[in-house]
Amino acid sequence: MARKTLRARRFFSLIFPFFFITSVYAEQTPESAKTVTVEAKNEMFAPQHPDQYQSWKATSEQSAREDALAEDPRLVILWAGYPFSRDYNKPRGHAYAVTDVRETLRTGAPKTAEDGPLPMACWSCKSPDVARLIQQEGEDGYFHGKWARGGPEIVNDLGCADCHNTASDDFAQGKPALTLSRPYAERAMEAIGKPFDKAGRFDQQSMVCGQCHVEYYFDGKNKAVKFPWDEGMKVENMEQYYDAIAFSDWTNSLSKTPMLKAQHPEYETWSAGIHGKNNVTCIDCHMPKVQNAEGKLYTDHKIGNPFDNFAQTCANCHTQDKASLQKVVAERKQAIHDLKIKVEDQLVHAHFEAKAAWDAGATDAEMKPILNDIRHAQWRWDLAIASHGIHMHAPEEGLRMLGSAMDKAADARTKLARLLATKGITHEIPLPDISTKEKAQKAIGLNMQQINAEKQDFLKTVVPQWEDQARKNGLLSQ
């Protein structure tokens, strides 16, 4: 009886603040990104919102770099011919958003504004300067050109104006004033029946995160960001959308498969999981309310692992202790990891077997159904593994996608075995040594010494010029 009473008190202590918040913000009308005057320098808001600013700044403490390719060299083969085969680190704090996109080998080593391998769109989730440029130049103007064009303009790390209408009266009065600062995100939410200006408070909290933590692609000649949600947000829906427009991110250099590269579909996978279905938002788990030294509540902007603030996050809903929940999460993470590796092994073999089939004289017609299976298998695998935290957000959906990927990869290999047999090849296709990142990169023909040297020269010569120009133009604090 005492236990039930305690739970009841706890329930009402949680629910009453929610009713209060709803009433306070019920009359808020979020302003469109098109009407916001964007101030991109985050430190400008420190005097007005000191606790939020200092906690945001503390994301710089999340500085460790984890090399995903070194941890799992199979990825190099799966992404052969694509910049991700050069460099792929696991995510770290928001304070490194601009630094990391400059330093990754994926963005190349451009010498001029018209040089380099990637488009302007690659800045889109890195800085409030993006919203500023879209306001100044329009979307077509912003997306036009190469990534290097944005170097002197996009200089402030992901921050205040990415999620808040910092020019609004509501923000000046200390209210969140949430906004979608990217018009393409606004359109995507409308496509799934969630117009931002009609969404409830809790929906909006996750939608602002869903501007960036999503799957997207670069559309048309201008390489504009678009979310592939026209048919829905499930892996099969997005696959259907991409297939219908014959889109591919690149062609795998081994198998010649037109591939899809998933980005970071946290919004989609969260929506498919128990937290999303019950509207437990990104904010509830990753940005909880905490107290400052004076006992005042504020939203912690040091976005991180919910277990780091267990009492303010998980314990609000769960009765289990921290160790018990950590054990559950670890078991789910391991199950997804184990299936992930099995799928990768199948895909690695499929890419090399497809190469052997081409080398043996296979025709486009013979290879088409096989390449389609490889494309669909790797897409489903990638959407599962690119969603960092799927073991927490939607473990069942993660396992389902990986199981489907395994089936598709097995189909491809069965068809390849039959095709190879018609070419007189009945032995197992040997794999090169891909036991380390370096060996795998050598196996696909990457000259990493040259790539790294070019990048270091870029960082020493070009980036300082970008920063000097930004300071002269008043875009970056001295």
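Here the Cβ of each residue, glycine as well, is placed from N, Cα and C on the backbone.
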Of His275, His337, His349, His351, residue recorded by Swiss-Prot at the heme c 5 site of Cys314, Cys317, His318: His275
Candidate from His301, His376, His388, His391 that Swiss-Prot assigns to the same heme c 2 site as Cys160, Cys163, His164: His301
Of His144, His393, residue recorded by Swiss-Prot at the heme c 4 site of Cys282, Cys285, His286: His393
Other C-beta atoms that fall within 10 angstroms of the C-beta of His213 (heme c 3 binding site): 22
Residue among binding-site residues Lys126, Cys209, His213, Glu215, Cys282 with Cα closest to the Cα of Cys163 (heme c 2 binding site): Cys209
Neighbour tally for His318 (heme c 5 binding site), based on other Cβ positions within 10 Å of its Cβ: 13
Cα-Cα distance maximum in Å, computed over every pair in His94, Cys209, Cys212, His213 that the record assigns to heme c 3: 12
DSSP state at His164 (heme c 2 binding site), helix/strand/coil: strand
